[in-house]
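Student: Sharing the record's features from Swiss-Prot:
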type     : residues            : note
REGION   : 1-24                : region 'Interaction with human CREBBP'
REGION   : 1-48                : region 'Transactivation'
REGION   : 22-37               : region 'Cysteine-rich'
BINDING  : CYS25, CYS27, CYS30 : Zn(2+) 2 binding site
REGION   : 38-48               : region 'Core'
REGION   : 47-99               : region 'Disordered'
REGION   : 49-86               : region 'Interaction with the host capping enzyme RNGTT'
MOD_RES  : ARG52               : asymmetric dimethylarginine
MOD_RES  : ARG53               : asymmetric dimethylarginine
CROSSLNK : LYS71               : ubiquitin cross-link
Amino acid sequence: MEVVDPKIDPWNHPGSQPETPCNNCYCKKCCFHCPLCFMKKGLGISYGRKKRRQRRRTPQGSKIHQDPVPKQPLSQTRGDPTGPEESKKKVESQTETDP
């Protein structure tokens, strides 16, 4: 084991820095380049400032969502409009006529 000069800062020790600089490549080799690359690229963790997304704005001349809602017809009742009692009478009369 090599003797490390105590006067040198730990981050400047020989072998503490990778030989090549970090880059923007996301291949497996570059993801394991150094601990920082592993955190950023391999794990996807970055502690930088988050950029605020701006909303898309519609052009000033457009009239989207400016028209009033059109009147819709009233909902139709489903099934037999005569009511349940009359439909029961029809079923009873049909069962009596069928032998």
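Using N, Cα and C of the backbone, Cβ positions are placed for all residues, glycine too.
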Student: Apart from its near flanks, which chain residues at least 6 from the ends of the region 'Core' (38-48) lie with a Cβ under 8 angstroms of it?
Tutor: 26, 30-32
Student: May I ask for the residues of the chain that lie six or more residues beyond the region 'Interaction with human CREBBP' (1-24) and have a Cβ under 8 Å from a Cβ within it?
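Tutor: That would be 30, 33-34, 36-37.
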Student: By Cβ count within 10 Å, point out the most packed of the binding-site residues listed: CYS25, CYS27, CYS30.
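Tutor: Top count of Cβ atoms within 10 Å goes to CYS30.
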Student: I want to check the contact list for the residue listed as 'ubiquitin cross-link': same chain, sequence separation of six or more, C-beta distance under 8 angstroms. What comes out?
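Tutor: Result: none.
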Student: Given the binding-site residues CYS25, CYS27, CYS30, state which is nearest to ARG53 (asymmetric dimethylarginine) when distance is taken between Cα atoms.
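Tutor: Comparing Cα positions, the closest of these binding-site residues turns out to be CYS25.
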Student: Taking DSSP three-state, what's CYS25 (Zn(2+) 2 binding site) in: helix, strand or coil?
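Tutor: For CYS25 (Zn(2+) 2 binding site) - judged by DSSP and reduced to three states - the answer is coil.
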Student: Give the residue counts of the region 'Core' (38-48) per reduced DSSP state, in the order helix, strand, coil.
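Tutor: The region 'Core' (38-48) comes out at 5 helix, 0 strand, 6 coil.
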Student: Measure from the CA atom of CYS30 (Zn(2+) 2 binding site) to the CA atom of ARG52 (asymmetric dimethylarginine) and give the result in Å, rounded to a whole number.
Tutor: 28
